[in-house]
Amino acid sequence: MHFILDPEDPGAPQASTEGKPKHRRLRGGVVMAAPPARPDHTRLLQICLLLGVLVEIRAEQILYSVFEEQEEGSVVGNIAKDLGLAPRELAERGVRIVSRGRTQLFALNPRSGTLVTAGRIDREELCDRSPNCVTNLEILLEDTVKILRVEVEIIDVNDNPPSFGTEQREIKVAENENPGARFPLPEAFDPDVGVNSLQGYQLNSNGYFSLDVQSGADGIKYPELVLERALDREEEAVHHLVLTAFDGGDPVRSGTARILIILVDTNDNAPVFTQPEYHVSVRENVPVGTRLLTVKATDPDEGANGDVTYSFRKVRDKISQLFQLNSLSGDITILGGLDYEDSGFYDIDVEAHDGPGLRARSKVLVTVLDENDNAPEVTVTSLTSSVQESSSPGTVIALFNVHDSDSGGNGLVTCSIPDNLPFTLEKTYGNYYRLLTHRTLDREEVSEYNITVTATDQGTPPLSTETHISLQVMDINDNPPTFPHASYSAYIPENNPRGASILSMTAQDPDSGDNARITYSLAEDTFQGAPLSSYVSINSNTGILYALCSFDYEQFRDLQLLMTASDSGDPPLSSNVSLSLFVLDQNDNVPEILYPTFPTDGSTGVELAPRSADSGYLVTKVVAVDRDSGQNAWLSYSLLKSSEPGLFAVGLHTGEVRTARALLDRDALKQRLVVVVQDHGQPPLSATVTLTVAVADSIPDVLADLGSLKPSADPDDSGLTLYLVVAVAAVSCVFLAFVTVLLALKLRRWHKSRLLHAEGSRLAGVPASHFVGVDGVRAFLQTYSHEVSLTADSRKSHLIFSQPSYADTLISRESCEKSEPLLITQDLLETKGDPNLQQAPPNTDWRFSQAQRPGTSGSQNGDDTGTWPNNQFDTEMLQAMILASASEAADGSSTLGGGAGTMGLSARYGPQFTLQHVPDYRQNVYIPGSNATLTNAAGKRDGKAPAGGNGNKKKSGKKEKK
């Protein structure tokens with residue numbers, strides 16, 4: 001068994017900063033302290049018994065000491081060495097500190113085997129002011145399951161200065177306190193112990209107080225303040241002292257507190273006036289309440305001892321009625337009116353006293369000065385309260401008299417009025433004055449005058465009296481109503497509801513009453529044959545303009561009005577203002593299709609396209625206009641429906657129908673297109689047109705395809721019944737046979753004409769062709785009123801607008817009376833000598849260039865062996881045949897043929913249509929393929945040969961327009 005003993009010497013050994021233990025550890029026995037030199041037996045026995053007890057108590061216990069506030073990791077002691085173990089054996093034997101669930105102040109270094117601090121240790125926090133501060137910890141040896149108790153003593157360091165509970169202490173001391181009086185001072189506190197604790201106090205040097213420190217039975221020191229000599233508050237009211245507390249550490253630490261000695265006043269001083277006598281002069285007319293002067297007495301005491309109050313001494317009734325003394329401020333004010341004639345001098349005794357009753361006296365001498373104390377008086381004897389604005393200058397407004405009770409210069413009075421008024425003062429006799437108008441008055445500038453008449457004497461200072469005269473200016477009707485602007489503009493959308501408010505017109509009249517009461521009216525006039533009152537009306541009282549009808553922008557776009565504003569004066573005055581009423585366009589008109597036109601029988605026109613056409617080939621062009629204006633009239637074209645999707649495309653802005661790809665043999669002869677034209681209004685309006693395109697490469701192909709032409713597959717026809725299909729097929733077969741016979745006759749006639757031409761005979765001219773419809777319905781050829789550019793480059797071009805020119809419909813009564821079913825021509829020889837019947841030379845301006853000719857995009861030569869017809873006769877015959885055949889094959893009726901006014905063919909191959917019911921838009925059209933206008937075309941119809949009409953007819957790819 002091992003025993004560890006502490007020395008018996010009461011003076012414990014000092015622990016070093018290295019944390020060396022303050023004991024020796026022995027193995028196998030108990031070390032006992034050496035006895036004294038000559039101990040007696042009793043003392044020796046007591047020591048042995050005590051050591052035996054200590055051996056049992058202190059067995060397996062180690063004591064260390066360490067200073068507080070050391071850094072973390074500071075060495076406290078070497079556990080391994082004290083246990084007789086090597087540092088590596090600590091881990092092998094499982095040596096560790098047993099935790100008790102609280103913060104550990106120490107830790108075991110496993111490498112060195114030393115006990116170190118786990119953090120900063122504050123002794124004052126652990127043990128407060130206890131003289132001994134010891135903390136215990138237990139070390140477990142796991143291999144032997146033994147507990148080793150370790151005690152660590154925390155040694156105090158001087159880390160806290162003395163401090164006072166308050167930084168400043170106020171002590172009140174009476175200024176008459178006797179020397180030797182004691183006053184307790186605040187105590188300081190130092191949490192350190194021993195020599196590091198509070199050791200004493202110091203007081204800064206001063207001539208009135210000293211410091212005496214008393215020690216109590218518990219050893220605590222109590223500082224006291226001792227008065228050394230008499231005090232005087234008036235000399236020094238506050239004394240500032242500094243009390244310092246210090247400890248005995250090294251270095252010495254200290255704390256301070258400010259001591260404020262406030263002297264309490266005693267009434268040891270009487271009030272004293274600043275002057276033994278006060279002199280003052282005052283004018284007799286000084287107003288009541290005027291401060292005359294202020295008497296002042298001072299008292300150096302404080303509080304009630306220094307509060308001075310004032311009063312009159314031996315006051316007489318006369319003085320108490322004329323003067324008043326403020327007891328607190330010492331102000332003497334005028335209580336009653338002073339009169340120099342009554343008394344010119346006053347002698348007043350004034351007394352000052354403090355709270356306890358000490359007094360002082362002084363005199364106030366008042367001299368009264370004579371003054372101009374009477375103001376002039378103004379008496380109005382005659383007055384006019386109103387005057388008309390048309391009154392002439394010099395009109396009398398008032399008559400008054402002035403008077404002043406003073407004498408001498410104080411009684412001389414002069415009168416005046418402001419300079420900016422249209423009035424003047426005229427002195428008559430004595431002290432009488434007249435108030436007159438200086439110029440003509442204008443009520444619209446100033447309707448009421450407040451005239452101030454000032455009467456002033458010549459005293460020092462001068463006194464004056466003001467008299468106010470009120471004058472009303474009566475109105476006359478001298479101003480007509482006026483509008484803020486010389487003219488007005490108003491805007492109203494078309495299709496407005498009846499009774500809609502358009503504009504509110506307001507006129508101003510600076511007059512008053514009936515002269516300013518305004519009525520509004522419109523000047524009588526007519527517009528488009530109707531009075532203006534049928535279009536608009538105006539409220540005579542409010543000036544609000546109303547619409548009596550719904551306006552139409554397409555009928556008129558503006559309306560000029562003249563508005564009159566009249567007052568109710570006598571005579572009445574008036575003024576006029578012009579109003580321009582503009583009608584704003586609304587999108588209320590759908591686009592109108594100009595080409596192709598809609599025949600009266602409901603059929604659609606036929607456009608021709610050769611099968612050899614490449615992609616981008618111009619088939620036709622849709623022309624439309626919109627009656628609206630601006631954005632509402634901007635049109636765009638699009639393809640709504642097509643019997644062969646992807647075959648055709650429509651120009652968005654031009655309306656040109658072009659092939660989107662090259663035509664193939666499998667493409668049907670008849671192609672049906674639905675083109676929609678839409679404007680850009682809000683909401684947009686649109687119109688649709690149905691086009692029928694016949695696809696063929698040559699005349700034989702056309703004739704061959706006509707027999708096998710089938711109606712295009714249309715989802716809308718899926719509902720036709722079987723009997724309708726059979727009927728249409730039967731009619732088509734009969735009609736095809738008729739057309740075949742008719743075509744043979746026409747070919748024979750054509751061959752005959754070619755033989756005559758070959759023999760060199762000069763043709764007298766071919767008259768205008770006359771046609772009668774197949775079923776007795778006339779097919780009238782009508783000259784274009786609107787043409788579209790259909791050149792090869794028209795995809796990039798736009799519409800060109802020409803001057804309007806109507807062409808009459810050409811009708812031949814003779815052709816109607818002939819028995820020939822289709823065509824009767826006059827004898828060519830009979831017309832040879834008639835110059836009026838001679839055919840005009842072909843106009844080269846109407847011809848297509850070689851690149852524009854039909855067929856394979858103008859690649860064919862212009863010889864007589866060409867595929868397409870080379871004269872007007874053949875072309876007209878081909879058109880009639882295609883018209884009849886395509887109509888019967890497609891619809892079972894004359895839907896493909898031309899109704900009244902059209903032959904149903906494209907503009908490229910000479911379509912004609914009537915625009916009798918369409919507005920005149922001819923200024924928007926030019927003749928395709930030509931620089932000529934419609935006027936030139938009209939001249940051509942009259943038989944006049946145009947310039948350049950001697951071109952080669954064989955090279956023309958287009959027949960001459962009729």
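Cβ atoms are placed via backbone N, Cα and C, with glycine included.
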Feature region 'Disordered' in Swiss-Prot, mapped to one of the ranges 1-24, 385-408: 1-24
Swiss-Prot annotation N-linked glycosylation site: which of ASN576, ASN931 has it? ASN576
Give the distance between the Cα atoms of ASN450 (N-linked glycosylation site) and ASN576 (N-linked glycosylation site), rounded to the nearest whole Å. 37
When the domain 'Cadherin 1' (60-164) is classified with DSSP, how many of its residues are helical, how many are strand and how many are coil? 16 helix, 42 strand, 47 coil
Please classify the secondary structure at ASN576 (N-linked glycosylation site) using three-state DSSP. strand
ASN576 (N-linked glycosylation site) CB neighbourhood, other CB atoms within 10 A: 12
By a simple count, how many Cβ atoms lie within 10 Å of the Cβ of ASN450 (N-linked glycosylation site), its own Cβ left out? 10
